[in-house]
Amino acid sequence: MKSLNPRFIFLLSLTVVSSSLGFYLPGLAPVSFCEKEDAKECQKDIQLFVNRLDSVESVLPYEYDAFDFCKDTDERRPSENLGQVLFGERIETSPYKFTFKSDKACVKVCTKSYDAGSKEDKLKLDFLKKGMELNYQHHWIVDNMPVTWCYIVEGNQKVCNPGFPIGCLVKEASDMHKNAYYIFNHVDITIFYHSGDETNGMSARLVAATLEPRSVKHSNDDKPTCDGTPMDIPAEFKNNLKVTYTYSIQFKQNDDIRWASRWDYILVSMPHTNIQWFSIMNSLVIVLFLSGMVAMIMLRTLHKDIARYNQMDQEESGWKQVHGDVFRPPRMGMLLSVFLGQGTQVFIMTFITLFLACLGFLSPANRGALMTCSVVLWVLLGTPAGYVSARLYKTFGGENWKTNVLLTAFLCPGIVFVDFFLMNLILWVEGSSAAIPFGTLVAILALWFGISVPLTFVGAYFGFKKPPPVRTNQIPRQIPQQSFFTKPVPGIIMGGILPFGCIFIQLFFILNSIWYGLKSYHAEMC
């Protein structure tokens, strides 16, 4: 019996040890909370952060400060990575501050006054009513975890949405005014925590945070009681108006939820995030079956033909004649090589990103990691793009290598950047939070010109050094008359409709998740 390789034993033991001890990704380590002031490894105060407000009925997200809500006197903005900035996230501190295990009822946050004679107040109120009409959603964060709004839908199914509306518009109702806006100025917040393990010295950790928004017209703004009729804002602003924002906080112990799995209840309850296993397996089986069938037919046909041609006296006949014409340059060989190089770059970037996501490095808790990883990988994969493009272009016998390299480095990225820049100008004019700051645009250009373009030239250098695999005949062979189904348009339709049918369902869910940022579930509350 052969002895095991010492390297294999070392790697196996290292894997077992790392799996047993566990590790946390940077920035994702748990935070412990406790009631004592003198504790060194835990904290007592809990800060609630607010993010941008968005809507499924509008493509323009806005910062929290764009609406006239209560603001933190000591406002701080945590540092955001490239992915968060590109996705338009704008996280900042809020005036909602809690103390661990300190339940409070109907705490006043602030009071906003609107003067009917002030044009500025009228604009603020109109913008707030427009947000309620378009169903703009708050997105609050506690301990790097979304504060969810859970409710029951048809079929007695519980749905937890990582956002809640700022209010609603009631056009017709029997017991309310018509065409009235009702703002949700009170929230009942419930924070669940895991008590921890005293034997291991582990303190309490937050595992869930939910809220219930309500509209309350406070009779006394200085000492609110959070009981009364809904707070209505008339469609026509004629009289002075005061809106008092309040909250109630409650802490509950729940040892059934572990800190590592505290996101599960959100992902499971959201219908559009469920993995479509049936469609995935169906597409996978179709692709594998058809690929295997085509490969088997090609192998049997080629094997018989080549065996028959080898028995003939002629030197070249049948499939043997393909090598002299298979690399004949097409009419637009330059563009084909450029697009193939860029496609290779995007394909490798997508594959590595999905692989890292499967390993858990791009979890939802690590905000902006998906986009940051994609951009960085695309920048660093300029070498394969230049190599593939230059290699194919030289195989076609091309001589304008400078044009090929420049097009590979600037054509597709340039089109995307121009489109991105024009959309960013529109967002900037509209005052949306999705507008990318000027410094970020400069950083993207620096990554493109400073890293991606030089790496593309390096890859093209090695691609042009290799000779073509075979020589192409100087005189092209005459192509016989083709039947109808072998012409380009029917061939494209027949060859593309089946792969498109396989990926259509997955592509729909992927694009839907990207467009709505995994927060597209919409339910009417009013």
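Any Cβ shown, glycine's included, is placed from N, Cα and C.
Remember, TrEMBL labels are computer predictions, not curated facts.
Residues or ranges marked as signal peptide by TrEMBL: 1-22.
Residues or ranges marked as transmembrane segment in TrEMBL: 277-299 (among others). Note on the transmembrane segment (277-299): residues 498-499, 502-503, 505-506 of its chain, located 6 or more positions outside it, place their CB under 8 angstroms from a CB of the stretch.
Here the transmembrane segment (338-362) has long-range neighbours at 25, 369-370, 373-374, 377-378, 381-382, 384-390, 392, 404, 407-408, 411-413, meaning same-chain residues at least 6 beyond its ends whose C-beta is under 8 angstroms from one of its own. Per TrEMBL, transmembrane segment is recorded for 338-362 (among others).
Summarising the annotation, TrEMBL assigns transmembrane segment to 368-393 (among others).
Residues 60, 334-335, 337-339, 341-342, 382, 385-386, 389-390, 435-436, 441, 444, 448, 452-453, 456-457, 460 of the same chain lie 6+ residues outside the transmembrane segment (405-429) yet bring a C-beta within less than 8 angstroms of a C-beta in it. Per TrEMBL, transmembrane segment is recorded for 405-429 (among others).
Per TrEMBL, the feature transmembrane segment maps to 441-464 (among others).
Among the features that TrEMBL reports, transmembrane segment is placed at 485-511 (among others).
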Long-range Cβ neighbours of the transmembrane segment (441-464) (under 8 Å; 6 or more residues past either end): 82, 375, 378-391, 393-394, 401, 404-405, 408-410, 413, 417, 421, 424
